[in-house]
Amino acid sequence: MGSDSGQAGSHIYQSLTEDGLLGSAKLPKRPTGRLIMHSMVMFGREFCYAVEAAYVTPVLLSVGLPKSLYSTVWLLSPILGFLLQPVVGSASDHCRSRWGRRRPYILTLVIMMLVGMALYLNGDAVVSALIANPRRKLVWAISVTMIGVVLFDFAADFIDGPIKAYLFDVCSHQDKEKGLHYHALFTGFGGALGYLLGAIDWGHLELGRVLGSEFQVMFFFSALVLILCSIIHLCSIPEAPLRDVTTDFIPPEPAPQDPPLSSDGIYDYGSIEKVKKDYVNPELAIQGKKNKNPNEQTRRAMTMKSLLRALASMPPHYRFLCISHLIGWTAFLSNMLFFTDFMGQIVYGGDPYSAHNSTEFLIYQRGVEVGCWGLCINSVFSSLYSYFQKVLVSYIGLKGLYFIGYLLFGLGTGFVGLFTNVYSTLVLCALFGVMSSTLYMVPFNLIAEYHREEEKEMQAPGAGPDSNGRGKGVDCAALTCMVQLAQILVGGGLGFLVNTAGSVIVVVITASAAALIGCCFVALFVRYVD
């Protein structure tokens with residue numbers, strides 16, 4: 001999940017403008033205002049993620065979800081995302097909508113996010129109004145709320161891929177770096193505002209009484225922010241339809257002069273399937289005549305099978321980067337997904353299973369609200385640290401940034417578990433923001449450095465064309481799939497650990513241990529470009 005999870009789910013985009021035919025196309029410089037408009041969707045997405053992180057576990061527990069199952073809900077969405085990501089990514093790559101390739105998918109996923117939020121924040125109230133039988137009401141409330149959580153989480157994870165692909169398709173290399181910086185900046189701001197509103201006790205304010213409860217208030221604000229930010233994003237930078245892009249930039253050389261691709265039958269990393277006994281025909285890209293060359297059609301079709309082949313044959317430094325990303329997100333999500341619940345049960349000593357009008361439940365709710373303040377501190381420091389990273393990298397390099405991010409998070413979560421004090425926990429939340437910014441920035445900067453290094457090798461005198469046909473989209477997809485894999489590990493493992501230990505304090509201990517292991521891994525195994 002997210003948010004911080006951020007970060008984190010996306011899809012495969014093997015863009016013509018980046019790989020193969022259009023690799024040398026010059027894109028215009030984008031104004032800063034347009035890049036900021038493009039980044040507004042990250043503000044809206046992270047705002048909604050903050051609301052989910054703050055409220056979804058309390059909501060699930062309040063509707064009566066058994067304690068042994070409350071982490072299982074996190075499993076469904078990442079499993080679906082991990083399986084469907086390549087298929088949806090390939091469809092986006094070859095979408096021929098007049099509105100562009102990415103924006104139709106972004107709009108669809110925004111609508112899915114809205115529906116999911118409506119279900120999990122309002123499902124209990126709607127079911128209670130429609131069903132009188134207590135047993136049926138319990139079953140329907142749990143079912144509707146879980147469906148809403150899965151739908152929202154699925155869409156919010158998926159939408160990051162089309163957003164990044166949209167940025168990469170329409171921006172030059174310099175604008176991509178600026179755009180990614182603004183994405184990280186507005187991600188932090190959106191999360192901070194979402195957690196801030198979640199920390200307000202809306203139930204005792206006039207707006208809460210008018211709308212019904214604090215859950216309805218948060219749905220109102222979340223839907224409003226997401227809709228406005230999405231409209232701004234979709235109107236930010238014009239996106240040419242696929243057929244127009246290829247027509248504008250297609251190289252003039254005739255097809256027979258293009259070098260034939262390898263026909264050795266080996267599936268290299270980043271390739272889908274090699275074209276056998278044929279030449280690459282640029283006219284197919286212009287006219288979209290898929291049926292004229294079945295081999296070309298097969299090569300461009302991304303499937304789960306081809307993704308697994310690509311991952312199995314990836315170069316070692318890419319594989320180690322993916323493993324470090326997996327360790328980092330496992331540590332981060334272990335803490336963040338259950339942080340408000342940890343505050344309510346461990347730090348404040350409340351009980352989410354007691355009657356809603358009991359003192360224990362009210363204490364738990366107070367802990368959840370204070371936990372939102374902690375997550376707000378995390379998001380603010382994430383934005384601030386993403387700004388200072390540009391200065392720090394010149395002194396300590398990407399290796400230093402990567403190592404410090406994991407180390408500070410590991411120490412911070414360890415102290416949170418050892419000293420369950422409200423004020424010390426809130427202060428240590430600043431270190432969570434360091435980790436968040438590190439996960440959003442450093443791995444993708446390393447991917448960019450790897451790509452730049454490979455491009456320089458290809459341009460060196462005597463170097464031939466890239467024979468393995470690897471695309472940048474597969475590299476990014478392999479990295480972002482680690483976020484969903486981390487969600488699967490957290491969802492499947494933490495519920496068992498909590499039941500075994502009998503306390504949710506085990507989540508911060510797990511997060512600390514994973515982060516400290518990650519420290520050693522990023523220092524010893526990840527390769528850094530000089």
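From the backbone N, Cα and C atoms, a Cβ is placed for every residue, glycine too.
The transmembrane segment annotation in TrEMBL covers 71-92 (among others).
TrEMBL lists 104-132 (among others) with the feature transmembrane segment.
What TrEMBL lists as transmembrane segment is 138-159 (among others).
Among residues of the same chain six or more beyond the transmembrane segment (180-197), those with a C-beta under 8 A of the stretch's C-beta atoms are 3-4, 6-7, 35-36, 38-40, 42-51, 53-54, 163-164, 167, 218, 221-222, 225, 229, 372-376, 378-384, 386-387, 390, 433, 436-437, 440-441, 444. Under the heading transmembrane segment, TrEMBL lists 180-197 (among others).
The transmembrane segment annotation in TrEMBL covers 217-235 (among others). Long-range Cβ contacts of the transmembrane segment (217-235) within its own chain (Cβ-Cβ under 8 Å, at least 6 residues beyond either end) map to 37-41, 43-45, 47-48, 51, 55, 103, 106-107, 110, 113-114, 117-118, 121-122, 163, 190, 193-194, 197-198, 202, 207-208, 211.
Remote same-chain partners of the transmembrane segment (326-348), defined as residues 6 or more beyond its termini with a Cβ less than 8 Å from a stretch Cβ, comprise 1-5, 7-8, 53-55, 57-58, 61, 71, 74, 363-368, 370-372, 374-375, 378, 405-406, 409-410, 413, 420-422, 425, 432, 435-436, 438-439, 482-483, 485-487, 489-490, 494, 503-505, 507-508, 510-515, 517-518, 521. If you look up TrEMBL, you'll see 326-348 (among others) marked as transmembrane segment.
According to TrEMBL, the transmembrane segment annotation covers 368-388 (among others).
Summarising the annotation, TrEMBL assigns transmembrane segment to 400-419 (among others).
Marked as transmembrane segment by TrEMBL: 425-448 (among others). For the transmembrane segment (425-448), the residues of the chain that approach it from at least six positions outside its boundaries are 3-4, 6-8, 176-177, 180, 183-184, 187-188, 321, 324-325, 328-329, 331-332, 335-336, 343, 347, 370, 373-375, 377-386, 389, 398, 401-402, 404-406, 408-409, 411-413, 415-416, 419, 475-476, 479, 515, 526, 528-529, judged by C-beta separation under 8 angstroms.
If you look up TrEMBL, you'll see 476-498 (among others) marked as transmembrane segment.
According to TrEMBL, the transmembrane segment annotation covers 504-526 (among others). Using a Cβ-Cβ cut-off under 8 Å and counting only residues 6 or more beyond its ends in the same chain, the transmembrane segment (504-526) has close neighbours at 317, 320-321, 323-324, 327-328, 330-332, 334-335, 338, 341-342, 345-346, 399, 402-403, 406-407, 409-411, 413-414, 416-417, 420, 435, 446, 494, 497-498.
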> Which residues of the same chain, at least 6 past either end of the transmembrane segment (368-388), have a Cβ under 8 Å from a Cβ in it?
Replying inline: 4, 46, 50, 53-55, 58, 181, 184-185, 187-192, 194-196, 198-201, 336, 339-344, 347-348, 422, 425-426, 429-434, 436-438, 440-441
